[in-house]
């Protein structure tokens, strides 16, 4: 009996698209590797910057070497590339640094996987080998971690080293010592809480980056109203988000017909009376400072001035939220029950000058650890990149305060993990050993890229570094100032254990997810249905 051959049947809707097996895998690999190649030139202390230009009505220019910022601002269509972009964003949210490293490591793992699949090694065999390699690498990283949490002097030095290492690959590298000190002082003021909301960063054009400073207290980028006190001691602050243009019902497009101008004056008088009534309800709280998220308008401002109350209007939402946190108050919107409203407090409110701008300074706030870092710089792009760099350093330091374990940087940790994985591969029979070797090779690519970006002979340096670790020199790493192999413990090139651990685990998981893909199915685009019932 002749066998029937079934013709392939398309089960998808018209317009849907499917990529299978090798085609799907190749699409994923190409997209992920392209993302890694895009950001790898920014890796390390001598990494390059990217200029990001956006078009359209809100056209802007951004100069950065922050991996998460670059990936966040580029549009990607490849699904595997989107996985790496999301992973980089999570790395930024979780620990604040290592966004470029995690993307490059995942891309290098997939580059190795591509060559293994070309040798007919099954993806599941590769994944099994990678999982064992990840376990060995994590154990090697854990065993190399140093904890100085119980020694205050050594721990502070660790924080200085970590901040210096983080900032060395950023725009702030030329003012590294200055900003390292600022970041460490700001984080130590938090007293272990790790609440970065208490650290406010203000950017002001003018001067140079070296003119940036840490201010103990809170700065609000607003001006005090006309004819109001410019300085208040022992302030009681009511923070509000309320409309001061009376509580009238606004009827848009309505008209009022009157037979004389006296009637118009009566309407204005009635509105003023409602405003006055609201101001009186606010004053019953026994305050001497009123800060509103919305506009206050001239007449209520006059009333506050006559009562000797400082009134600040149109404070931005983030500023109001942070001010409520640091002064210990709550944001109110109704004022009928003064006993239920929690007021903020501080020892002194005064107007200060920074450059050519006036700001309001709150000192002696209820949240003692609150502080403001004022950034100065020649252009807005420099200030924006300085803020991103400083934010990364603050995030890493906050993580280190929670988990005080540290590891060595300069490619030392990657080489240490690669050495442990290679030793495991030598003891493992079968094809899984080949997958482990590829994992170790991907780890060794990170110091290779760091050396390449600095313009040194990466093959020679990485070979020397590998030999040093094979001989048991577990603190050897790349000294990019001299272009040689150095002792990371002596040079003080230290990184947070949590950052390195997160880079390792996230990259391995993302690479595994992409490697498992054997089909990419794109849904049919939605068709616009014509409107048969026009208005």
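Note that Cβ sites are derived from N, Cα and C of the backbone, with glycine treated the same way.
The ADP binding site feature in Swiss-Prot is assigned to 44, 98, 99, 100, 101, 168, 169, 410, 495, 500. For residue 99 (ADP binding site), the count of additional Cβ atoms within 10 Å of its Cβ stands at 28 [all protein chains shown].
Per Swiss-Prot, ATP binding site is recorded for 44, 98, 99, 100, 495, 500, and the stated evidence type is experimental evidence. Counting only same-chain residues six or more apart in sequence, the Cβ atoms lying under 8 angstroms from the Cβ of residue 500 (ATP binding site) belong to 98, 141, 407, 413.
Secondary structure from DSSP puts residue 97 (Mg(2+) binding site) in coil. Annotation source Swiss-Prot lists Mg(2+) binding site at 97.
Taken from Swiss-Prot, the feature SUMO2 cross-link covers 248.
Look at Swiss-Prot and you will find 2 tagged as N-acetylalanine, backed by experimental evidence.
The phosphoserine annotation in Swiss-Prot covers 3 (among others).
Per Swiss-Prot, N6-acetyllysine is recorded for 13 (among others), and the stated evidence type is a large-scale study or a structure entry.
Sequence-distant contacts of residue 60 (phosphoserine), defined by Cβ-Cβ distance under 8 angstroms and a gap of at least six in the same chain, are 53, 54. Taken from Swiss-Prot, the feature phosphoserine applies to 60 (among others), supported by a large-scale study or a structure entry.
Summarising the annotation, Swiss-Prot assigns N6-acetyllysine to 154 (among others). Other Cβ atoms within 10 Å of the Cβ of residue 154 (N6-acetyllysine) number 14 in total over all chains.
DSSP gives residue 181 (N6-acetyllysine) a helix state. Under the heading N6-acetyllysine, Swiss-Prot lists 181 (among others), citing a large-scale study or a structure entry as support.
Taken residue by residue with DSSP, residue 260 (phosphoserine) is part of neither helix nor strand, so it is coil. Neighbour count (other Cβ atoms within 10 Å of the Cβ, all protein chains): 8 for residue 260 (phosphoserine). For 260 (among others), the entry in Swiss-Prot reads phosphoserine.
Residues or ranges marked as phosphothreonine in Swiss-Prot: 261.
Checking the modified residues (154, 181, 260, 261) against residue 99 (ADP binding site) with a 10 Å Cα-Cα cut-off leaves nothing. Here the binding-site residues are 97, 495, and the one whose Cβ sees the fewest other Cβ atoms within 10 Å is 495. Once Cβ contacts within 10 Å are tallied over all protein chains shown, the recorded positions 169, 261 are led by 169.
Cα spacing between residue 181 (N6-acetyllysine) and residue 101 (ADP binding site): 25 Å, rounded to the nearest whole number. With respect to residue 44 (ADP binding site), the closest of these recorded positions in Cα terms is 100, chosen from 100, 260, 261.
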